[in-house]
Amino acid sequence: MMLRLVTKGLPKVTPSAAKAVLVRGSLLHSFSTSARFNNSVAEDEAKIVLKDKNRPLRIDRELPDPTTERRKRIAGFLLFSVAIGSALSLIFNYEKTESPIISNTLYYIRRSPATKNILGESIEFDGIIPWVYGELNSVKGRINITFYIKGDKNVTGTVRLVADRNTHDEEFLIHEWSVTAAGQKIDLLAENTKTPI
């Protein structure tokens, strides 16, 4: 009976009242945490003491001099330019050596009796890296090339091909197609009825 009377005397706690109490508790906790953080920051700032209060706080370190090692940068740029130029030259030369005009020229040279008499069999490009000098532009109709060949007789020959045309509808007009080796110049136009172009 006494327990029942005490229970009746207590105020009823509604859900909204309980929620309000929880919100107040969380706000008080956040305020206390923020106050402690601000106090710690203030203590850390108080510990910083400037040697010269008239001068601003800065890092006492010399900045790098942009003019130093200028020669190294120039040398590196020159080496880079030479490497790029060499790579482009190799690419363009490879396109020339793989051209059908060069392949047809070598085909007719290998079948030339006069050329085989001087150079021998197995006629190929001379040198470790095949190189075609001059202009080889069939689109614009300009061909003026020179390259070196060699056979199994270890005699080096020079091939020269000069031709041009005015329009795409015309055929190439060959001005010179020859092989020079051992002091002799062989006219391939006189030997062949067909041309490499």
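Cβ atoms are placed via backbone N, Cα and C, with glycine included.
The topological domain 'Mitochondrial matrix' annotation in Swiss-Prot covers 1-73 and rests on sequence analysis. The topological domain 'Mitochondrial intermembrane' feature in Swiss-Prot is assigned to 95-197. Swiss-Prot lists 74-94 with the feature transmembrane segment, giving sequence analysis as the kind of evidence.
Remote same-chain partners of the transmembrane segment (74-94), defined as residues 6 or more beyond its termini with a Cβ less than 8 Å from a stretch Cβ, comprise 129-132. Within the topological domain 'Mitochondrial intermembrane' (95-197), the DSSP-based counts of helix, strand and coil residues read 25 helix, 38 strand, 40 coil.
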